[in-house]
Amino acid sequence: MQIIEGKLQLQGNERVAILTSRFNHIITDRLKEGAMDCFKRHGGDEDLLDIVLVPGAYELPLILDKLLESGKYDGVCVLGAIIRGGTPHFDYVSAEATKGIASAMLKYSMPVSFGVLTTDNIEQAIERAGSKAGNKGFEAMSTLIELLSLCQTLKG
């Protein structure tokens, strides 16, 4: 039996985008910082890292599709924060953002990591953006790095 898995180390020549929504920027800025830190710590070249900002989580799938279609990137780390409010808006935005991100990843067969928080309140979001529950932006970039490595291994 053979076990195949990715490594948590970049070769240093991977071009990566961090796609982040600006809405709830107090949270998404921290997620972005965590992702950038992870990229650098694991051998990424800052000159090969682009930060792409969109207004909100609903816009993430469209711009992810454009980034993958461009052929410029080896992978994309998608970050956002959708916080439940008093209306069904949360359900619609989180469902469509999630479906759209997964759809673009499969359409282009490219590594994409999902770091979009979906929380019931601001406290939960803060916990996941660098306090009690770690930084989910850092974790999303870690996932992307492993995916990049695994895809390279499977390519042969």
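Glycine is no exception: its Cβ is also placed from the backbone N, Cα and C atoms.
Record features, source Swiss-Prot:
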- His89: active site, proton donor (ACT_SITE)
- Phe23, Ala57, Tyr58, Glu59, Ala81, Ile82, Ile83, Phe114: 5-amino-6-(D-ribitylamino)uracil binding site (BINDING)
- Gly86, Thr87, Arg128: (2S)-2-hydroxy-3-oxobutyl phosphate binding site (BINDING)
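Structure coloured by features recorded in Swiss-Prot.
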{"residue": "Phe23", "record": "5-amino-6-(D-ribitylamino)uracil binding site", "Cβ neighbours (10 Å)": "18"}
{"residue": "Ala57", "record": "5-amino-6-(D-ribitylamino)uracil binding site", "Cβ neighbours (10 Å)": "29"}
{"residue": "Tyr58", "record": "5-amino-6-(D-ribitylamino)uracil binding site", "Cβ neighbours (10 Å)": "19"}
{"residue": "Glu59", "record": "5-amino-6-(D-ribitylamino)uracil binding site", "Cβ neighbours (10 Å)": "18"}
{"residue": "Ile82", "record": "5-amino-6-(D-ribitylamino)uracil binding site", "Cβ neighbours (10 Å)": "26"}
{"residue": "Ile83", "record": "5-amino-6-(D-ribitylamino)uracil binding site", "Cβ neighbours (10 Å)": "18"}
{"residue": "Gly86", "record": "(2S)-2-hydroxy-3-oxobutyl phosphate binding site", "Cβ neighbours (10 Å)": "6"}
{"residue": "Thr87", "record": "(2S)-2-hydroxy-3-oxobutyl phosphate binding site", "Cβ neighbours (10 Å)": "8"}
{"residue": "His89", "record": "active site, proton donor", "Cβ neighbours (10 Å)": "12"}
{"residue": "Phe114", "record": "5-amino-6-(D-ribitylamino)uracil binding site", "Cβ neighbours (10 Å)": "18"}
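DSSP assigns Ile82 (5-amino-6-(D-ribitylamino)uracil binding site) to a strand in the three-state reduction. Of all the recorded positions in the record (Thr87, His89, Arg128), the one with the smallest CA separation from Ala81 (5-amino-6-(D-ribitylamino)uracil binding site) is Arg128. The secondary structure of Phe114 (5-amino-6-(D-ribitylamino)uracil binding site), as reduced to three states from DSSP, is extended strand. Each residue contributes its Cα atom, and for Phe23 (5-amino-6-(D-ribitylamino)uracil binding site) and Gly86 ((2S)-2-hydroxy-3-oxobutyl phosphate binding site) those atoms are 17 Å apart.
When Cα-Cα distances from Phe114 (5-amino-6-(D-ribitylamino)uracil binding site) are compared across the recorded positions Gly86, Thr87, His89, Arg128, the shortest belongs to Arg128. Comparing the binding-site residues Ala81, Arg128 by how many other C-beta atoms lie within 10 angstroms of each C-beta, the top residue is Ala81. Of Thr87, His89, Arg128, all annotated as recorded positions, the residue with the shortest Cα distance to Glu59 (5-amino-6-(D-ribitylamino)uracil binding site) is His89.
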